[in-house]
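For 1-10, the entry in TrEMBL reads compositional bias 'Acidic residues'. Annotated compositional bias 'Polar residues' per TrEMBL: 12-23, in sequence order. The feature domain 'Major facilitator superfamily (MFS) profile' is assigned by TrEMBL to 39-497. Per TrEMBL, region 'Disordered' is recorded for 1-30. Annotated transmembrane segment per TrEMBL: 78-100, 112-129, 192-212, 232-254, 296-316, 336-356, 368-391, 397-426, 472-489, in sequence order.
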Amino acid sequence: MTVERIDEESPLLTNETNNYTDNIQKRRRTTPTPLPKVQISILMLLQICEPITSQSIYPYINQLISELDITGGDERKVGYYAGLIESLFFVTEAMTVFQWSRASDHIGRKPILLIGLAGSMISMLLFGLSKTFWALVIRCVHPSLPTVTFRTGMRSYDSRCLTGLLNGNIGVMKSTIGDLTDSSNRAEGVSMLPVVWSLGAAIGPLIGGTFARPHERYPKVFTSPFWKTYPYFLPSLIGVSYVFVAFWITVFVFKETIPKKRRSRILSRTSSTDSSSSHNHRDGALPLRNLFTYRVLLSVSNYVALAFLNICFNALLPLFLAMPLDIGGLGLPPSAIGYVMGGYGAATGIFQFFWFAKVNRMLGEKRVFMTGMMVLPGCFAMMPIISLVAQRWGVSAIVWVMIAFTMMLAVIMDMAYGAIFMYITASPPTKAALGATHGLSQTSASISRAIGPALSTSLFSLSVQGNWLGGYAVYAIFGILSVASVLLARRLPDEVWEEEEYDDDHDNNES
């Protein structure tokens, strides 16, 4: 009798907390389905390609902008142009990534992955051969884009833009992970994505910082005038070499993850004019408007907030490290910047590999995501603090300790990607819409990532030029936005939604 009275009078929050705890304990007792190791390994190999090619420019991009003499010798203006270059990839990616991801639902994941790899190789070679600012922006190429994706009459594309135009791999790789995993082993599969991304994010800046201007760093080896004419070609060439190997491994070893009959059915539903009235959407292509459900929009909006704030931090960090002490930076050389960012990437990879799945099983996706978002204000707050300390005592040991602490906060923040990925993967109305859902999320994130670098680095320059809040207003602005993102994250449910499973037996039995 006493027990019944306590149950009736217990607060609703206590009951919800108990249910949440019970679900976490149940999940710990569940035996995960074994992962398809070969398929997952190849996918991880491909995942490394993008950070290697995209982030190898970070250590030297500010020096490159300065050498192009478009700032008139004013170092405070470097941020404007560096942010523009860093944003170009995401601007063009936002134009096409949804269509690439949706196309992967129709024709398969493998063809789209191969096109993305080819686009990365072409664009990086062109970037390394660029000699002026506008050559970085405009290169005369004429890529053949499929009808389903993008058509244009222009004959000139930016070498960075070309990567975005031809690269739908981010969304497609996430969809492929969804194909290869289920709710019991997805945390293990997802935990590998940040690991290999971090490995690439560690290797990319190290390549850029170590092999930029090789005629100066290794004059006995790189004696040809070519290396003096194109001082940033070698980092691009090294990145392209890796992508080239990954391309051929994908061609000969990787297996398509979408059953052929499912693809045929989706194509037939898409071409049918009366499909919406005569067929079940579980068996065919889902109209675009049907993707905009509450759980899809909530998951995607949280992913966009994370991606936007993260790219702003990543754009500000090398700028902060490179700029002179008297304008709020640390004045570090490209090699040191490469080591800092490479160390950050390596630490993230190690942490994610050994602890993400365990932490996720222990705390649940929402708590992991909330923790990652809650450290973002601290990441932005640390940069002005480090600057003030450096201006007083120079770039001393205490400054390096503070940089290491900031990188530790960023490592914790990166856990949020794995958590929100699982929300997005479980959010589609049907399994057949998985690629389209990840395409929508990646399109939205790409738009925010296109805005982020240009906005953050421009605010850095404006803060310094106008002496807003002593030159540190940019960090205050993003600190406030980070706090707002935590409020949005609180709206996520405690448990990931039940996933709409596709009936694979239907594939096997269908005539």
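Note that Cβ sites are derived from N, Cα and C of the backbone, with glycine treated the same way.
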Checklist entry - Over the domain 'Major facilitator superfamily (MFS) profile' (39-497), what is the model's mean pLDDT? => result 81
Item to check | Per Cβ pairs under 8 Å, the stretch of 112-129, 192-212, 232-254, 296-316, 472-489 packing most closely against the transmembrane segment (397-426) | outcome: 296-316
Next on the checklist: Check the transmembrane segment (192-212) against the transmembrane segment (112-129) for contact, please; criterion is three or more CB pairs under 8 Å, pairs 6 or more apart in sequence.
Outcome noted: no
